[in-house]
Structures are given as C-alpha cells and as structure tokens.
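According to TrEMBL, the features are:
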DISULFID  29-93  disulfide bond
DISULFID  42-103  disulfide bond
DISULFID  73-83  disulfide bond
DISULFID  297-361  disulfide bond
DISULFID  310-371  disulfide bond
DISULFID  341-351  disulfide bond
DISULFID  459-469  disulfide bond
DOMAIN    3-104  domain 'SRCR'
DOMAIN    272-372  domain 'SRCR'
DOMAIN    382-492  domain 'SRCR'
C-alpha cells in the first residue's frame, strides 16, 4: 500500500490521507476515526507518531474513490490494511468527510522522504583503486576526478556501480545535475577514463539516458539497463563524459576567480544567501527584497525549488528541502510563500510565488536547504588530536604535497589564533561551528606531532580550508614554538547567533539627566564613562543616553555566557 498527504493549506507533516489501492488514489472516511488510526498512517508515511487527526475534509475534499470507512486500529498494526474496516471501496461517505492526520515532525530513522535524495557514500579510495586496478600512488587530485567520474554510475537505490554510463544515446551535461558546481575539467576526466580503460574492459550498465534537465538526481531521469553481455554493449557509442562549471567557492584558477568577480560586480549585491547551517551548502534560505533580508515560508517547498537555490549559489542540486525552520528561525519579514519552481530557472526570483503578509506564515515555518557539494578532499588535510571527543583537540595540518614531496603532519602556531580561524578549521573538519579558538593546548598533549608548520593564520571566516586563509607560508614566524602554544579548537554542530533588534534601539532612545546618588550601581559596573570618576559624588548629575534593547538568538543552540555559573556572583543592585 502507498500513502500520501494532500490538500491545502497544510505543512509537510499534515494533510488529507490518500491511499493508492487497485491502481487508483482514493481517500479515507472520518467515521469512527481515532488517534490510533492516525498513528498507523503516520508510521506508514515515515513519521514516528501522530499528534492529532482532522475530520470533515479540513484539508479540502479529495477526488476519486473513498477506499476505507469505519477504520478501527489498535495502534500497533504495521499496516492500515491490518485494521478493522468495512472493506475496500465499501463506504457510505462523501468527500466532505475525508479524514486527515497531523504527524509528529520527526522521521523514522532510515525512512526515505520524497523531499530527500539519499545517495550512499562512495567507496574509500583505496578500495576504488583496487577495484579499478589503479596504481597505489593515486593523488587527491586523481581521487576527485575518479569520484566525479564514478558518480555517473551511482544511484540511490543501487549503490555504486564500477562501470561506465552508456553513452550510445545523447546524454547532455544537464542530465547530471547532482554534480553541478564541481571543479573537474573535461581533460582531467578523460585522463581518468583513459587510466581506467588501459587496465580493464568497459562494462556498460545504462543507456538511453534521457533527462529534461530539471531532475535533482540522475536516478530521476529515464534510462534503460543493459542486460546480458555488458562488455559488448554500446558498440556505436562511447562512455558518457561530463565537464562541470565550478561554482564561486570551488574556483581553483585565478582566471576563474577574476571572471567570478566581474560577474558579481555586474550583478551587484547577491539577493539570496544561506544562514544557520553548520556546513558548506546548507542553511536557512534568506532573500533580499527592498534592501531588507527576509525568509521564505515552507508551504509547497520541495526539491525542485531548493535545487534552484543551490545552483544559484554555485552548488549542485538540492539533497534535502527542509521545512519547519530546521535550520533555525530567521527574523524580519517573510518575503515569499508557496514558491513553485519548475527547475529550469536560473534564480529563485524567476519562480512563481506568493507575496505574503505576516499572518500567513511565521518564522517557525522558515524554509531551508541542504545542497550537493563537490568533493574537494579538504577534510583529509586536517585533524584534531588529544581532545575528549572528536569535536575538540589540537589542530594538526598536512603540508608538503607538491613536487613529489610526501605529506607530513604539523601544528599551527597559536599566536593570533581566534574564533574566525577556528570557524574555518571546524568547517574544514566537517564538524560545524566553532565554540572556541584556543591559543594554548598544553592539556591536549597526546600526539607525537611536535613541529610547527603553519603560522600567521588570518581568516575572514568564510574560507573552506585553512590553506585559503592568509598565512606566512614557508617562512614560519612563531615566537613560541613549543607544543603547548599550538592552536586548538572546540567545535559544535549547533551554535547560538545573537542579533540586536536595531530599530527598537532607535525608536526608544532618549536623553536623561540623572543625579549621581542614583548611579552608584552603574558606576560599580563600569557603565558610566571614565570622567564620572572625577565627579563630586554624590552631588551633581550625569547626562545619559537611555534606550530599550532586544536581542534575538537566531541560532540553533542556547546562548550561554563564557563564564560558568560557579563563577557568577550576587550583585545587590539586581
């Protein structure tokens, strides 16, 4: 049995229940409907449980047959078909009695959602090299090319195919949307292909691949399997090869970066961004309208619209279209609702959408995305040692991979190391945000790596690797080269993000003359300017700027002061 949630208005975890039976979609009548019925249906739909149900066609009247009536479940059944009911198609209801459910917004682990493309991780490079009979001296550059080439043979349901994509029928580059934004070039891809063909005969698995270009993954295109002798297939063709255009974050050459800068200057300030995500290519979608950043409501938010966002930002297609403020709640206006992209648009602003008022949506419904990001191998050049968990430790980086020189691990000088540098390190490690950037790590002395290899690291905070930040290069300069002065980090998958409500400060600001005898507490807390010390206490007065303040936490973690509560003291003024 197949089930779906339908109707309007609704969120992704609620709606009219529709069941596919006897090759036809139909509805369920609300007679004798209970929460136990809703539990069984929600589990069918991949949610852990139900929080409620709806009667009288709350989500609109369905069409077609009313398949079930007088359903009576205990709640533990694996299928709604196991519950008592009047029989399939036997009903005395009209569509004005269509039942709906409200499911708990928590997925059953491993359940495949239509708004999520699940792609299994590729095999380790050493295993790939063995399968492909490649030399053991494969470099990181070769690895990126191999992974890109093998991505063509990867499908969510079938895992990794060691083989080639049949190129007998036309296979345009647009039919490989999951790889858009990769830095691979045609010449490199062909050399990786030649490396393969020199050692092993090609086995074709697919042919007649036909995509419209809007698909978010190759497995969603139409194609045919080769059966029988796959090495003799595709006589009239050759393996399909794709060359991908690098996105702004993945441009290696200076020519590419110069071109990107020119495009940005022509287009002006970007009108879309991702916020609140722990990793590259994920976050809450925010758009710029009338010089004000705002969010998008998650009504009808799906993979097609999310993929337009991802491609516009220079990533691949979308891996997940997230609803329910899964990447944190934004602030300010909600600019768009019911965005319905076709998938061909170059920008989200070209997609049909509704301009909404604040009553239609709240920030608990902010839409977010997780994009497919090219594999760059940055995480293989950094590691942490000595920490109590994998999220903390002394930073060790790999250097010396050029001109046949073997990789060697070394430490980063802690001098000048701060939060921005720690942010880049945590991002490169794939560990999310930085809680702390530490300049001394004597308590994490658990590694045999003792040599300083990087100093003067200064990051802007947006870089994907420490090697992209400014640093001293080969001319190392570090006053304290002992291991205790090596840089360290504490990373976190979530973080707080404090934002001052600036308009409120402007609206409430005023000047007040206040007698000094009423300002002792303010003086104790250093809230007065330094000249107050010279005043004739308790006589006279001070002129103060007074205002109200509101601070919002836009992040996905509680804000906690750096000082633990054991160090807090009671203050009689408060």
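From the backbone N, Cα and C atoms, a Cβ is placed for every residue, glycine too.
Here the features listed in TrEMBL are painted onto the structure.
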{"residue": "42", "record": "disulfide bond", "CB count, 10 Å": "25"}
{"residue": "73", "record": "disulfide bond", "CB count, 10 Å": "21"}
{"residue": "83", "record": "disulfide bond", "CB count, 10 Å": "19"}
{"residue": "93", "record": "disulfide bond", "CB count, 10 Å": "18"}
{"residue": "103", "record": "disulfide bond", "CB count, 10 Å": "27"}
{"residue": "310", "record": "disulfide bond", "CB count, 10 Å": "29"}
{"residue": "361", "record": "disulfide bond", "CB count, 10 Å": "20"}
{"residue": "371", "record": "disulfide bond", "CB count, 10 Å": "27"}
{"residue": "459", "record": "disulfide bond", "CB count, 10 Å": "23"}
{"residue": "469", "record": "disulfide bond", "CB count, 10 Å": "18"}
Sort the disulfide-bonded residues 29, 297, 469 by C-alpha distance from residue 351 (disulfide bond) and give me just the closest.
297
DSSP-wise, what's the residue breakdown of the domain 'SRCR' (3-104) into helix, strand and coil?
16 helix, 35 strand, 51 coil
List the Cα distance (Å, whole number) between residue 73 (disulfide bond) and residue 42 (disulfide bond).
13
Return the single residue from the disulfide-bonded residues list (29, 341, 351) that has the minimum number of other CB atoms within 10 Å.
351
Please give me the CB contact count at 10 A for residue 297 (disulfide bond), counting all chains in the structure.
23
In this predicted model, the domain 'SRCR' (382-492) has a mean pLDDT of 89
What is the nearest of the disulfide-bonded residues 42, 93, 361, 371 to residue 83 (disulfide bond), using the Cα of each?
42
Could you state the CA-to-CA distance between residue 371 (disulfide bond) and residue 341 (disulfide bond) to the nearest Å?
16
Write down the Cα-Cα distance for residue 310 (disulfide bond) and residue 42 (disulfide bond), rounded and given in Å.
30
